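Residues annotated as domain 'Histidine kinase' in TrEMBL: 457-558. Taken from TrEMBL, the feature transmembrane segment applies to 6-23, 43-61, 73-94, 101-122, 134-156, 168-188.
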Amino acid sequence: MQDSLSVILFQRIAIIAVVAYVFSQTQAFRSLFKNETTLKEKIVLVFFFTTVSIAGTYFGIPIEDALANVRDTGTIVAGLLGGPLVGGLTGIISGLHRMTLGGFTAIECGIATIIGGVLAGYLSVKMKPKTPEVITGVVTGVSVVLFSMALILIFAKPYPVAASLVNQVALPMSLANAIGIAVFMIIIHNAREHQTKIGALQTNKALRIANATLPHWRKGLNINSAEKVAATIQTMTSASAVAITDCEKILAHVGMGSDHHIRGALLTETISHCLHTGQIAIVPIAKDLCPHNTCPLKSAITVQLQCRDEKVGTLTIYYPSEAAITELDIEFAQGLGQIFSTQLELANLQQMAELATKAELKALRAQINPHFLFNSLNTIVSLCRTNSEEARNLIIELSDFFRRSLKSARDFVTIQEELELVDSYLTLEKARFGHRLSVEKDIETGALDVQIPIFTLQPLVENAVKHGLLTQEQGGTVTISIKKDQQHVAICISDNGLGIIPELLSKIMTHGFGKGAGVGLSNVNDRLKVIYGPQYALAIDSVPGFGTNVRFSIPIRMSEGVVT
């Protein structure tokens, strides 16, 4: 009898083993090995293991008005792998269910099942952070079966029937549940090792991609770097295509679909949503991805790229079939996005360090320009004979100008402080050129406390004076306009001078252009872009013969002394 019973129970275990394998391929399985499982995931696990336990009851073989079963397999595994809550609830539900089926051992078997789930959950806590071994599950399973046999012998009536039942089922149930638990846990352990290996391969792939793309990201996010990074990802992965965007348009699209996913195209709704919310965008269906009927791209993952906590673009990885995106693909895309964001920030910091050094040296050389110093001193000497009081004031202004230019080691100053430097410079120039130089200001007082990079306004004003006004005989007017709204400070330096011809306008922002113009327009422009982003670069409008406007804006929330 025991031999035939064992064979039947082992057949039931084979079915449970198949269920265990199927379960090991699901997302719910992966949640077993996270440090913290969400309530929703715990509920899914309770449902699954309770189903296995109740199935083990229904798979039972009727003997002496009782059931020889493999119910404890699901309960024990639930506790060992899912923890106290999952094991306890699985045991309670499965145990109560057994009690409702009746039989003279219903109460004893139900109690043993409940205790088994709680005990397994307790053992999982005691063994953390390690996952319980197979031998632990086997010993626990056999112990619970023997405990239920003891309860039957003690409490079940009539005793002779109970003793006969225990004699028939104790060994087969112990072996069947032990083997069932062992098989279940071995399958799950193997699946876990497989997931770990895949995760390690994905991590290794991400690191190799990061290493290969680092030289490109050092130049920042632009068309050239985006093209090379996208090509690298597409070559080193199974992706059908890879696209990288800035905040406005596609910078690069490499791979399938490049005939209509073209550089310069505006962002899609999905990419725009990811860009503005920061949430990963997963598109598993082709019709939601691209309106072109012949597009070979069927699904995609989009992640946001950041630099210094500011959105700068997106990375999209495309796949050739619908619903082909796995949890590992999502984690891989998120990891790449984080790595690329870090690389962009490091490149940004490197550029800032280089620009800061160049700006400091160039500022010292340009601000202490011998011609400016000699011209100012000559003006003062001539005034000493005719207006000694004015000469004294100019000496003070000249001293103040150089003091402000040289003393500050800060990267940021208030607009008020920058304007004081501008005023010192203009006072000296007015003394030299008299009525030829006129200055108008339209400044909101609420903007004066906003911080901006040092040597930002003065070089722009100096450029307007020297190259816009004083090259024409009648001189002209420089207008300084500063307006503030809730998010930005808008600054405009304009003159009504000669203006800039179109051929020169296209070159004026290149590195090293503009000899003698303070720290130079290009340096101011580069610093603004590095600190705040490319959308905050200088904008120059000029009409030859009518004058020039140089405009830019500063984001208030990033201008509080230290850029964050």
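Quick reminder: no glycine exception, Cβ is built from N, Cα and C everywhere.
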Can you count helix, strand and coil residues in the domain 'Histidine kinase' (457-558) using DSSP?
35 helix, 31 strand, 36 coil
The transmembrane segment (73-94): which same-chain residues, six or more beyond its ends, come within Cβ distance under 8 Å?
13, 16, 32, 37, 42, 45-46, 49-57, 113-125, 131-132, 136-137, 140-141, 144, 177, 180-181, 184-185, 188
Give the one range among 6-23, 43-61, 101-122 whose Cβ atoms make the most pairs under 8 Å with those of the transmembrane segment (168-188).
6-23
Residues of the parent chain within Cβ reach of the transmembrane segment (101-122), under 8 Å, 6 or more residues beyond its termini
53, 57, 65-67, 71-72, 75-80, 82-92, 94-95, 137, 140-141, 143-145, 147-148, 151-152, 155-157, 161-162, 165
Within the same chain, where does the transmembrane segment (43-61) have neighbours whose Cβ lies under 8 angstroms from its own Cβ atoms, ignoring anything closer than 6 residues to its ends? I mean 6 or more beyond.
5, 8-9, 12, 15-16, 19, 23, 28, 31-32, 37, 67-75, 77-78, 82, 85-86, 89-91, 93-94, 97-98, 101, 113, 180
Over the domain 'Histidine kinase' (457-558), what does the predicted model average in pLDDT?
83
